[in-house]
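Notes to accompany the following structure.
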Amino acid sequence: SQISFEEDSQKQAAVGHWTPLMPSKGSKEEEEEAEAGCQDAGGLEERQCSQQLDVSRLRSSSVEIREKGSEFLKEELHKAQKELKLKDKECERLSKVREQLEQELEELTASLFEEAHKMVREANTKQAASEKQLKEARGKIDMLQAEVTALKTLVITSTPSSPNRELHPQLQSPSKAVFRKGHGRNKSTSSAMGSAGSQSGAPEASSHERKEVDSILFAEFQAWKESPTLDKSCSFLDRIYQEDIGPCLDFPKQELSELVRVAVEQNTLTIEPAACQTLPGVKVAAEECGGPKQCALSGLPRSCKHHIMLGDSGNYYYISPSCRARITAVCNFFTYIRYIQQGLVRQDVELMYWEVMRLRREMALAKLGFYPSEM
């Protein structure tokens, strides 16, 4: 039995034999102790000593492996901790960057919304202003179209051979000739039309009256008709200013005469019956020049049934019938050439020429002092 036990122990020692790579200090001491024990033991105990020696070696190698493994794990743990700290720092930095970007994004979004609202408000304001201007412009266009239609109806139907009695009330019978209420403020054309432009007292051209076109005057009128203008520098109007308009509006009161001429040219002169100042809605001037018994233009004592107003000044000036006839003759001339300039007269050039000559004759007669009794 002792022999079998020794064989089994040898087999186990052979199977469990472990050769340490680097023996530690403890293993060497154990070997020495084992060898010393083996030397002390004798004969039969040699094998048991060798077996104990192998077991001690195995134990020392396992301890060495544990120590090395623990050192390796500590190093790996230390490296992992360092990497973890670096990753934590990187995460913290990225978090700050994200917070900064989010804040900038919020500020940018708020500024964009504010700018968008501002642009919308400005667009709405501009749209409202544009719609208002469009509405006003359409109203003015409708009013002007109505006026043009009415003027065309009056002007186109009036010719020297067949004048329109509505346009020329002086052709009506004395019993029907009344003062028209078409005298608009700042409208010398209305005043002129309502005051009977050809009230010169001279009879209309009879059927047996002979007429001959002056080639120079007709050529000047044709040249002006090609490009009608109110600029008195052209030869056509320059001649009429010198021969008719200037003498007709030349009154003793030179300063007031100049103001009247400018108002007639700018279409801002108003002629009204003196009695109309008592009507409601009519602005009465604080200071009136002349009076019912004195003409403001001539300075002579005359019975003044009308007065004039220059623009929106609010000052009225009493005028005599003779001065009124001279002013209305010039207003009638300007009214007709304005119609030609605006394209409202659709007649032959020669017929328009003779109408201009008739208006010139009215101015000449008014300058000489001829005017109808109803003035």
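Each Cβ is built from the backbone N, Cα and C atoms, and glycine gets one as well.
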Per TrEMBL record, range annotated region 'Disordered' [choices 1-45, 46-90]: 1-45
Can you count helix, strand and coil residues in the domain 'GDP/GTP exchange factor Sec2 N-terminal' (65-153) using DSSP? 89 helix, 0 strand, 0 coil
For the domain 'GDP/GTP exchange factor Sec2 N-terminal' (65-153), would you mind checking the mean pLDDT of the predicted model? 89
